[in-house]
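The structure appears right after this line, and notes come after that.
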Amino acid sequence: MTELDKRHRSSIYDSMVKSPNRAMLRATGMTDKDFETPIVGVISTWAENTPCNIHLHDFGKLAKEGVKSAGAWPVQFGTITVADGIAMGTPGMRFSLTSRDIIADSIEAAMSGHNVDAFVAIGGCDKNMPGSMIAIANMDIPAIFAYGGTIAPGNLDGKDIDLVSVFEGIGKWNHGDMTAEDVKRLECNACPGPGGCGGMYTANTMATAIEVLGMSLPGSSSHPAESADKKEDIEAAGRAVVKMLELGLKPSDILTREAFEDAITVTMALGGSTNATLHLLAIAHAANVDLSLEDFNTIQERVPHLADLKPSGQYVFQDLYEVGGVPAVMKYLLANGFLHGDRITCTGKTVAENLADFADLTPGQKVIMPLENPKRADGPLIILNGNLAPDGAVAKVSGVKVRRHVGPAKVFDSEEDAIQAVLTDEIVDGDVVVVRFVGPKGGPGMPEMLSLSSMIVGKGQGDKVALLTDGRFSGGTYGLVVGHIAPEAQDGGPIAYLRTGDIVTVDQDTKEISMAVSEEELEKRKAETTLPPLYSRGVLGKYAHIVSSASRGAVTDFWNMDKSGKK
């Protein structure tokens, strides 16, 4: 490949009439020699407001060094982030999922607006990963995602703790099982430094999924944020994206149907977040890959849950790194026929070739259970259907002993009202707490319910009270919870007409989610109900008017997909 071929976009600056453009670029340090090399963007979601992202500006500098050492010209950019753990339980949570698509759009705008030939995207918090990947898939130029790494566990009285420990501490305090001082000690020790939340929560789930897809370097997702391996991974990403340019390797070569099947497989085996369904659907949509909720159930039925990771297990993601990391898990699954080993990745090698360089899981380790004795015989993410969710709903059942829950609904139109009911002991064992009008359009922004779910678990009701919503759950959530109910209430889905006292059934064996309300009664309620208007101001107003159903990934450009799958 010639240098001009590698400069498939930046060569636009070569002509005489682009002299003014080059004048601006010279002010940034470029010389005649630099104009002969590819321009590679390095874009991160660096921000000082959260440990997930506070270190990413320095990581951007490392990626630049990698790009430069490979003979290209690096240019660093920045985009936004919304910290879920800080926004949780506040009006700011409506901006979390919204930020995924803002990140995607801003990366595409910055990289396309400056005609870069390739780029490295660096992210840390939950929506950074899918936002970056949507942009990568839409642009289809050589690109690599590099994860900022997982946070180290906090330690209190010799025990590992994390952010979810604090959320659950609120429920224990309300139940009288913890003092305010106990909660304060959790608060002050849960987050010891930089990195994404430390269990198999959404950030680590999506970083893992991207590595499995083949769009991050092998090992990237499980390297702790403060490790030497992580720094090397970031710099290597800069070198690797230049190699992608040399090979003419594009995301569309990597993001195949088989890649998404493998990403779902590893997500099931590790017990990943429910948000993986939403984000993988959105990334697949951007990549023109046909993927649906039904695919998750198909894979769920054949892939066992192996990882004893938080939130339902006892280990954090750093523990997985110490016994071999995601590559060792993939190697184990590949050897047992669960993965497609012959597909290409961002290294230019196949999955099998990449994994050949890694060791097996450490003998005697306890983080990953053997296939012959799994934590659960099938996957923990289940797609439910029924007259309460005709287009589907997502349940995470890892650690849940109850197979079937039938109980009366207690219906709330906001999380705040539901939280108040929990705090005042209005929620009793057997209840089905329903929070609606918090979907993609209704929220707007489909906020997560970690504050609410953690309070229920903290009060000892995690297996005794079901929690249903057309909103989302944090990857840190566990218990009897069902989210992403579609159609959402704002779209006139059946959940909009559910009433307190109606009997609701959730069954993980039959994959049922239903309400004991006849079609005749449902039609009567529809006639009696006026749905609220869509939010209409600012970015949330824009989002509410264009976002798709959660069953389609809550994407903001669904209108332009024709039957052939072409955009």
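Glycine too: its Cβ is placed from the backbone N, Cα and C atoms.
Same-site candidate for [2Fe-2S] cluster binding, as annotated by Swiss-Prot with C52, C197, chosen from C125, C346: C125.
The Mg(2+) site recorded in Swiss-Prot includes D84, D126, K127, and the single candidate from E448, E488, E512 that the record places there is E448. With a cut-off of 8 Å between CB atoms and residues at least 6 apart in sequence, the same chain places D84, M88, V164, Y201, T202, S273, N275, E448, M449, L450, S453 near S474 (active site, proton acceptor), listed in sequence order. Each of T50, P51, N53, A83, D84, G85, G124, D126, I151, G195, G196, A203 belongs to the same chain as C52, C125, C197, is absent from that list, and has a C-beta within 8 angstroms of the C-beta centroid marking the [2Fe-2S] cluster site. Cβ atoms within 8 Å of the centroid of the Cβ atoms of D84, D126, K127, E448 (the Mg(2+) site) belong to the same-chain residues V82, A87, S96, L97, C125, T202, N275, S474, site residues excluded. The two recorded residues, K127 (Mg(2+) binding site) and C197 ([2Fe-2S] cluster binding site), show a Cα separation of 13 Å. Around C197 ([2Fe-2S] cluster binding site), the C-beta neighbours below 8 angstroms that are at least 6 residues distant in the chain are C52, G85, T150, I151, D162, L163, V164, A203, N204, G475, G476.
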